[in-house]
Amino acid sequence: MTGKEENKQQQHVNFPWKRLVAGAVAGTADVWACHPLDRIKTQLQNNPGKSIVGTFGDIVSKGKGFTGGVNALYEGILPMTAEAIFKVGIRYFAFSWFTEQYKTTVYKGETLNKKQQFGANLLGGAFAGTIESFVVVIPCELLKVRHMTQEHNKSFGTVFRDVLREEGFQGLYKGGSATLLRQITNHMIRFPTFYAISDYLKGGDHSVHLPVWQNLSAGAIAGTASTLFNNPLDTIKTRMQKQGQNQTTMQVVRGIYQETGVKGYWAGVIPRILRVAPGQAITWAVVELVMGILEPSSKKH
């Protein structure tokens, strides 16, 4: 096999530390671009009877001075940025590390065909979702939900101390089962979907770096697909993590159905898509952009 052919058949993921850096940069970009949509989505899931416009009005009318008005949409963005740096960095590192280990162990380092690569990406996504959930996502999601749905303007630090004082360390993992399942299904869908689209656009040549708009499009499609599939898990997770909700997962599931029927599981799905689709578009585009800088020898369309 010639050097050109070897380069063309190179697999998706190499150098996990580079993916760690790329993920951290991408996570920061995602939060700063999409945090307002996340606020609206979280409020809608806890108040399903509200409209998007009504929820927007409630948020911007909350608080005084710097925390009031449109600034309220960015409340809590600094701790969310810190979370994103670790979360997305760990996600891409875990995915890269697992898929490399999987290919080495199962396929002895041989080049994978499309079906084998899809399976590796599927399992890698599940592994990445599991690792990021336990290390970062579950406790940070709980603090985010408590902070966004509180009646008083407490800081993130105060909310964190309140949880530890009233519920102990285990309180940070309340609603963890729903969050874990959401993250696993998220990335079992996003990684294979993005790379399947990317492979098609690259014509099978993994040395090619796609233009930004194509990575944006592939990321948005991957994000939308995962959201449509697992929005019920996100709704259940948000309800369980809201302060004062001391219910099991099944109790929350039954409660949502009794209140609003099946449609209740899809509360906030539109703002969640409006949040996740651009967020994933930005994340994937930035990851690929940073990888293009870290691996400048690759070709471009």
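Placement of Cβ uses the backbone N, Cα and C atoms for every residue, glycine included.
Taken from Swiss-Prot, the feature repeat 'Solcar 1' applies to 14-101.
The repeat 'Solcar 2' annotation in Swiss-Prot covers 116-200.
Annotation comment: Swiss-Prot describes 210-293 as repeat 'Solcar 3'.
The annotation topological domain 'Mitochondrial intermembrane' is assigned in Swiss-Prot to 1-19 (among others) on the grounds of similarity to another entry.
What Swiss-Prot lists as topological domain 'Mitochondrial matrix' is 38-65 (among others).
Taking DSSP states H, G and I as helix and E and B as strand, the topological domain 'Mitochondrial intermembrane' (87-117) has 24 helix, 0 strand, 7 coil. Marked as topological domain 'Mitochondrial intermembrane' by Swiss-Prot on the basis of similarity to another entry: 87-117 (among others).
Here the topological domain 'Mitochondrial matrix' (139-174) has a mean pLDDT of 83 out of 100. Taken from Swiss-Prot, the feature topological domain 'Mitochondrial matrix' applies to 139-174 (among others), supported by similarity to another entry.
As a summary of secondary structure, the topological domain 'Mitochondrial intermembrane' (192-212) carries 12 helix, 2 strand, 7 coil according to DSSP. Per Swiss-Prot, topological domain 'Mitochondrial intermembrane' is recorded for 192-212 (among others), and the stated evidence type is similarity to another entry.
The topological domain 'Mitochondrial matrix' annotation in Swiss-Prot covers 230-275 (among others) and rests on similarity to another entry.
Positions annotated as topological domain 'Mitochondrial intermembrane' by Swiss-Prot: 297-301 (among others).
With a threshold of 8 Å between CB atoms, the same-chain residues lying at least 6 positions outside the transmembrane segment (20-37) that come near it are 73-74, 76-77, 80-81, 84-93, 271, 274-275, 278-280, 282-288, 290-291, 294. If you look up Swiss-Prot, you'll see 20-37 (among others) marked as transmembrane segment, on the strength of sequence analysis.
Annotated transmembrane segment per Swiss-Prot: 66-86 (among others), in sequence order, evidence recorded as sequence analysis.
Residues or ranges marked as transmembrane segment in Swiss-Prot (evidence: sequence analysis): 118-138 (among others). Sequence-distant contacts of the transmembrane segment (118-138), counting only residues of its own chain at least 6 positions beyond either end whose CB sits under 8 Å from a CB of the stretch, comprise 12-13, 83, 86-87, 90-92, 94-96, 98-99, 102-103, 112, 172-173, 175-176, 179-180, 183-192, 195-196.
According to Swiss-Prot, the feature transmembrane segment maps to 175-191 (among others).
Counting same-chain residues at least six beyond the ends of the transmembrane segment (213-229), those with a Cβ under 8 angstroms from any Cβ of the stretch are 185-187, 189-191, 193-194, 197-198, 201, 269, 272-273, 276-285, 288-289, 301. If you look up Swiss-Prot, you'll see 213-229 (among others) marked as transmembrane segment.
Annotation source Swiss-Prot lists transmembrane segment at 276-296 (among others). The list of residues near the transmembrane segment (276-296) in space but at least 6 beyond its ends in sequence, with Cβ under 8 angstroms from a Cβ of it, reads 15, 18-19, 21-23, 25-27, 29-30, 33-34, 37, 88, 92, 190, 194, 209-210, 212, 215-220, 222-224, 226-227.
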Residue distribution over DSSP helix, strand and coil in the topological domain 'Mitochondrial matrix' (230-275): 36 helix, 0 strand, 10 coil
Distal contacts, the topological domain 'Mitochondrial intermembrane' (87-117) - CB-CB under 8 A, six or more residues away: 9, 11-17, 19-24, 26-27, 30, 123-125, 127-129, 131-132, 135-137, 140, 187, 191, 195, 199, 283, 287
Composition by DSSP (helix, strand, coil) of residues within the topological domain 'Mitochondrial matrix' (139-174): 28 helix, 0 strand, 8 coil
